[in-house]
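What TrEMBL says about this one:
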| type | residues | note |
| --- | --- | --- |
| DOMAIN | 13-338 | domain 'RNA 3'-terminal phosphate cyclase' |
| BINDING | GLN104 | ATP binding site |
| DOMAIN | 184-285 | domain 'RNA 3'-terminal phosphate cyclase insert' |
| ACT_SITE | HIS320 | active site, tele-AMP-histidine intermediate |
Amino acid sequence: MDGDRVEIDGGIMEGGGQILRVSTALSCLLGLPLRVRRIRAGRSQPGLRPQHLSGLEIIRDLCEGKLEGGEIGSTEITFTPGKIKGGTHIADTKTAGSVCLLMQVAMPCVLFAASPSELHLKGGTNAEMAPQIDYTVMVFKPIVEKFNFTFNCDIKKRGYYPQGGGEVVVQMSPVKELSPINLTERGTVTKIYGRAFVAGALPIKLAKDMAAAAVRCIRKEIRDLYINIQPVREPDDQAFGTGSGIIVVAETSTGCLLAGSSLGKRGKNSDKVGIEAAEILLRNLKHGGTVDDSLQDQLIIFMALAKGVSRVKSGPITLHTQTAIHFAEQLTKAKFTVTKSEEEDPSKDTYIIECQGMGMINQNL
């Protein structure tokens with residue numbers, strides 16, 4: 001087999017877990033045996049962390065594949081995929097490792113399974129260095145469903161740093177193929193809404209303070225829109241541990257969704273958390289793109305798999321997105337081009353990401 005194994009250098013470009021997620025998902029979909037070396041070479045603690053290992057294990061289980069080198073700290077793995085099957089699969093990071101990153105690696109695969117899938121993903125729902133589950137439900141889900149599939153995401157329990165303990169159940173049916181998307185018209189912002197949450201030992205006042213600070217910050221730039229950020233205390237039976245955070249979403253006249261979010265932590269003033277989320281949102285609105293910088297890289301694998309030409313207008317291309325494009329092109333026959341957007345006011349940093357997708361067909365259906 002070794003002659004046919006695709007060799008991936010996990011230390012180049014973004015040099016993190018994303019290389020592993022994109023390449024193992026595509027390996028599973030395309031039936032390509034894979035070797036990944038120098039895993040997370042760019043990180044302070046190189047090698048597999050619990051959440052990366054859980055992601056590899058769920059992919060292995062989804063397709064009855066073979067995984068070698070799958071232990072914490074390992075900097076090299078080989079993976080030999082089998083046939084993708086539906087059914088119920090469980091992935092548990094046993095830490096606050098992000099359930100959203102587990103979803104990112106598994107979702108493209110189960111779209112091309114033989115039957116419907118139910119994924120029980122356990123870990124952190126609102127974790128640093130990953131999308132919050134609220135972002136996944138409020139922004140990622142409605143936009144990614146434009147590729148012509150749907151999924152259900154049920155938040156059973158929320159879990160926070162350091163213990164995790166959250167659980168999300170994702171249900172999806174397979175599709176024959178994915179349709180391309182065209183997200184090039186931003187439109188005007190029509191509403192701004194969000195949620196500021198506390199859980200566990202924290203008082204609701206903190207959520208109200210985060211929300212109020214975010215509203216004040218946005219008001220300086222956008223005066224004429226009603227801003228509705230709900231302060232929420234997560235019910236004790238639906239949250240494990242103590243945590244806080246906020247997400248603020250802007251919706252546009254053409255159905256674009258852009259967001260900013262932030263997490264509270266010990267010693268971080270709640271006003272600062274609210275302002276941070278608001279500033280991220282405002283920065284994402286300023287560039288004139290149709291997607292924010294968190295969604296940009298998450299769309300790449302779906303664009304690569306879709307049949308036909310997808311076009312997305314975005315702000316500056318993140319290193320995560322460049323990395324996803326690099327590995328999607330290396331493993332599939334998809335072709336990406338990134339060009340500066342012409343029709344924009346030249347002071348805006350706006351780009352068009354275009355992809356001629358490979359047109360993946362689900363042979364099981």
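A Cβ is built for glycine as well, from the same backbone N, Cα and C atoms used for every other residue.
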**Request:** Sort out the sequence-distant neighbours of HIS320 (active site, tele-AMP-histidine intermediate) for me: same chain, 6+ apart, CB within less than 8 Å of its CB, listed by position.
**Result:** GLU14, GLN18, GLN296, ASP297
**Asked** Going along the chain, which residues six or more apart from GLN104 (ATP binding site) have their CB under 8 A from its CB?
**Response** ARG21, GLN298
**Item:** Local confidence of the prediction over the domain 'RNA 3'-terminal phosphate cyclase' (13-338), expressed as mean pLDDT
**Value:** 97
